Ligand SMILES: Nc1ncnc2c1ncn2[C@@H]1O[C@H](COP(=O)(O)OP(=O)(O)OP(=O)(O)O)[C@@H](O)[C@H]1O
């Protein structure tokens with residue numbers, strides 16, 4: 001029983017290692033992910049200096065996490081598509097377009113959340 005429990009913990013740590021390798025690969029190779037990481041730093045600094053509330057921080061990180069996660073899945077789908085069909089294929093094109101559409105949805109709603117947080121602060125800053 002103890003061995004099984006240990007294996008479970010070891011397996012989880014192994015999986016985490018693979019996930020970190022994947023995340024580092026994305027950061028090193030994908031321009032979109034680099035842009036999102038830069039945006040994360042900028043938004044975190046902006047949040048710090050504008051004094052976000054706990055709820056605003058939660059929504060900001062939720063929006064950032066949503067966009068980065070969907071972008072990562074989109075990259076994964078693109079790579080699978082390129083692997084199974086390196087040549088031009090209408091169906092592959094649709095698969096990639098749909099996957100890119102998911103990123104667009106996440107980005108759009110992420111931007112709305114960020115807008116809800118910062119637009120009132122901007123208005124207050126400009127007119128007070
Ligand atoms: N093998 C293919 N067959 C048909 N259409 C393709 C194929 N590869 C790409 N496309 C079309 O080109 C678009 C862009 O594909 P691509 O793989 O270059 O994604 P991208 O968003 O430009 O990639 P990145 O995330 O690296 O910037 C797809 O959404 C699709 O419409």
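Going from the start of the chain as shown, residues are counted 1 onward.
For all residues, glycine too, the Cβ spot is worked out from N, Cα and C.
According to TrEMBL, the protein carries these features:
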- 71: active site, proton acceptor (ACT_SITE)
- 18, 30, 78, 96, 97: ATP binding site (BINDING)
- 30, 78: divalent metal cation binding site (BINDING)
- 71: substrate binding site (BINDING)
- 57-77: transmembrane segment (TRANSMEM)
- 98-119: transmembrane segment (TRANSMEM)
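Positions of TrEMBL features highlighted on the structure.
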residue	record	Cβ within 10 Å
18	ATP binding site	9
30	ATP binding site	17
71	active site, proton acceptor	21
78	ATP binding site	16
96	ATP binding site	16
97	ATP binding site	9
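Taking only the Cα positions, the spacing between residue 96 (ATP binding site) and the residue listed as 'active site, proton acceptor' is 12 angstrom.
Among the recorded positions 18, 71, 78, 96, 97, the residues whose Cβ sits under 6 Å from any atom of ligand 1 are 78, 96, 97. Residue 71 (active site, proton acceptor) is 10 Å away from residue 30 (ATP binding site) when you measure Cα to Cα. Long-range contacts of the transmembrane segment (98-119) within the same chain, counting only residues at least 6 positions beyond its ends with a Cβ under 8 Å from a Cβ of the stretch, are 32, 43, 46, 50, 52, 56, 59-60, 62-64, 66-67, 69-71, 73-74, 77-78. In three-state terms derived from DSSP, residue 30 (ATP binding site) belongs to neither a helical nor a strand segment and is classed as coil. Cα separation, residue 97 (ATP binding site) to residue 71 (active site, proton acceptor), rounded: 13 Å. Spacing of residue 78 (ATP binding site) relative to residue 71 (active site, proton acceptor) is 10 Å (Cα to Cα, whole number). Separation of the C-alpha atoms of residue 18 (ATP binding site) and residue 71 (active site, proton acceptor): 18 Å, rounded to the nearest whole number. Whole-number maximum of the Cα to Cα distances across the ATP-binding residues 18, 30, 78, 96, 97: 28 angstrom.
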